């Protein structure tokens, strides 16, 4: 059923390869960390100071869930509410579409922060299958933070965010999903020497100072 729906969604994506791909493949930094680790906040600051485009896997999924007429809406909603990871085919299709549209509008925008992805081994395998040779993963920017701090931040955020998953029950499920599924992916990239770790438990400004040091070094 998912593949049937994907074929219909893909019909809305331009079939021609974007011109910029002939010059430069997308340069990708995966941004990982627990819920509430500050990934979105720091990505916004990176975009202000560096030539990156921020793509949040979660935001793309929530937007697709809310899009009128989306055949994925109910499916995405059920996964998010249960703190589960949405099927990789849907997520990668949305990420690929967003990168293509960004590069079609401006061929100079080929650097991407992909926030909250890959979240498990299935995500990673799906990315490798679909995007191998089509994008270069430079490194993983890992925001390291304790579960307690993550939950407290999300509960505070939930007072104004309007997000259905910013409640303790969903958060506890999301933390467990992160520890069981995403943390091993970070460990895998660590073995490849491709993880840049930031202590995300400090204040926003201090965290960004550390982020800047990493990005300036990476070039």
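Yeah, the Cβs are placed from backbone N, Cα and C, and that goes for glycine too.
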Which range of 145-155, 156-166 is region 'LID', per TrEMBL: 156-166
Rounded mean pLDDT for the residues that make up the region 'NMPbind' (56-86): 88
Spatial neighbour of residue 38 (ATP binding site) that is closest, considering only the binding-site residues 62, 116, 118, 123 and their CA atoms: 116
Neighbouring binding-site residues, C-alpha within 10 angstroms of residue 39 (ATP binding site) - of 62, 85, 116, 118, 123: 116
Spatial neighbours of residue 163 (ribonucleoside 5'-phosphate binding site), counting only the binding-site residues 36, 40, 157, 202 and Cα distances within 10 Å: 157
